[in-house]
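A quick write-up on the structure given underneath.
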């Protein structure tokens, strides 16, 4: 084990205390022969291998072990990855808004928030401020279309490639390299005043490499490879908690750092450094599947992809139930569009007039609290009810939070009401974990990469659709009801998500009852 691997292993152990048994594996080295006393391909609930090649009907022998001499934890990847995303995205949104304000001669004083906001609707400055909001919203729309359109295809490509080549890292490494490029492009925009058209070209290439979604195809397939099915829902919830910690820290650090440095350019160096660190970490990460004899790059993968699709049609997968899960996931994710697309602009506008620091603190509380408490909620509620009831609780929490945020501009104590929203939304991530786990359990272990690839393809399409819907809706309703976009969430959840999850629950209980009667 070289020095760099030891350093990465120590850093990983700091962020993954619950999997200490991974680090208790005894590694003995004798010349070039290396042996691990615990086979990571064996599960805790049966000792059998949990992974098998996509096009083979035979189980992989459990005698094989990954070739690495240590197993670095997977959780630091989403933690640091989303920390960098949480830093980078608010910086870009606020930079575009401030540049729009500069064009129409709105002056900002970093240490005096009152100069940033006009509250009197008859004031010419108020109308100029609304114009800046609309301009920033339009630029974000063009940016998201260029970035997310290619992801709809690259997510599936990299996910299926990870199954065909039996290597999960092919779905993790390219997107992180793309994020390094994206951070560099933003630096050129902010520091050297490159044109916005240059950014559009750069982020299109980043989208081809997978952007934000594709790494999670590999990460969740990796977890499905090494986790017993009975523990998968909770393990995905723990992964979601790490995501929340990362993006929450990113949001709060972003606001504080911008206020301290009084510069967007210096703030963008932190995400660039984090992406470079994660790229090196993933290179050292061992594969979750046994060492494959298949070539990483092969033209046969294309024909094998066709055979894989054909074999999927003839498999015993319950496509009706799986389709319902996909519909529920799409509707749940789309309904989150207000918090992912317009919340920054909404809080920077009248009557809130918040600065980046205050917005960062709110978003940090929302993501850290929501992800972590959702993980705890799944653990606690799982003792007294099944997963699909837990999902309905999560949907209710999300609906109430969006409704409160929508009307917060019209309630007294406008500086306090938005901070109540994270408390109401604290269980709002449980349905995401339950639906992901349900889909994973419906398919065999050799199709995990493909299932999560399709999942994140839909998520990328959802993100693009969110931009096409929420940003124009916000721009159109800005003058008479700026919180209107948040009310889309209750409408989508009550019309689609709740009935679909209820139908899945009914079908699942019926199948369970019929199976029990057959056994009796």
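Don't overthink the numbers, they just go from 1 along the chain as shown.
Cβ from N, Cα, C; glycine included.
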Per TrEMBL, the range holding transmembrane segment, considering 119-139, 140-160, 287-307: 140-160
Correct range for transmembrane segment (source TrEMBL, candidates 87-109, 317-339, 432-454): 317-339
Intrachain neighbours beyond the transmembrane segment (388-410), with Cβ under 8 angstroms and 6 or more residues off its ends: 328, 332, 335-336, 338-339, 343, 351-352, 374, 377-378, 381-382, 417-418, 420-422, 424-432, 434-435, 438, 482-487, 489-490, 493-494, 497-498, 501-502, 504-505, 508
Contact call for the transmembrane segment (266-285) against the transmembrane segment (317-339), three or more Cβ pairs under 8 Å: no
Whether the transmembrane segment (317-339) meets the transmembrane segment (172-192): three or more C-beta pairs under 8 angstroms: no
